[in-house]
Amino acid sequence: MAAALALVAGVLSGAVLPLWSALPQYKKKITDRCFHHSECYSGCCLMDLDSGGAFCAPRARITMICLPQTKGATNIICPCRMGLTCISKDLMCSRRCHMI
């Protein structure tokens, strides 16, 4: 009985069910305004330095500049698309998406 009450309390508090924005059909499209990378279908909420906000952007393609992961809510540079790895082949150059 206690387990059932804990489950109901978790559902009511939103701890058990995922947020609506986490479901793919509710994710934002490219160019939509965002506050967190998890809101975007691409997984990249890029900072817009001109307007001070952020927008959903596509992930980096092969040989494009990238950052391997997001440490905060928004990205400075988007991570690579699926199947690509964000690495630097030269210590003097920035990271880019490569197939490995």
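Every residue, even glycine, has its Cβ placed from backbone N, Cα and C.
Record features (Swiss-Prot):
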type     : residues    : note
SIGNAL   : 1-21        : signal peptide
DISULFID : Cys34-Cys45 : disulfide bond
DISULFID : Cys40-Cys56 : disulfide bond
DISULFID : Cys44-Cys78 : disulfide bond
DISULFID : Cys66-Cys86 : disulfide bond
DISULFID : Cys80-Cys97 : disulfide bond
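Cα-Cα distances to Cys80 (disulfide bond) place Cys66, Cys86 within 10 Å, out of the disulfide-bonded residues Cys40, Cys56, Cys66, Cys86. Cβ neighbour count for Cys66 (disulfide bond): 26 (other Cβ atoms within 10 Å of its Cβ, all protein chains included). Comparing Cα positions, Cys44 (disulfide bond) lies closest to Cys56 out of the disulfide-bonded residues Cys34, Cys56, Cys66, Cys86, Cys97. Cα separation, Cys56 (disulfide bond) to Cys78 (disulfide bond), rounded: 10 Å.
For Cys40 (disulfide bond), the nearest of the disulfide-bonded residues Cys34, Cys66, Cys78, Cys86, Cys97 in terms of C-alpha separation is Cys34. Long-range neighbours of Cys34 (disulfide bond) (same chain, six or more residues apart, CB within less than 8 Å of its CB): Lys28, Cys40, Cys45, Ala54, Phe55, Cys56, Thr74. The least crowded of the disulfide-bonded residues Cys40, Cys78, Cys86, judged by other CB atoms within 10 A of its own CB, is Cys86.
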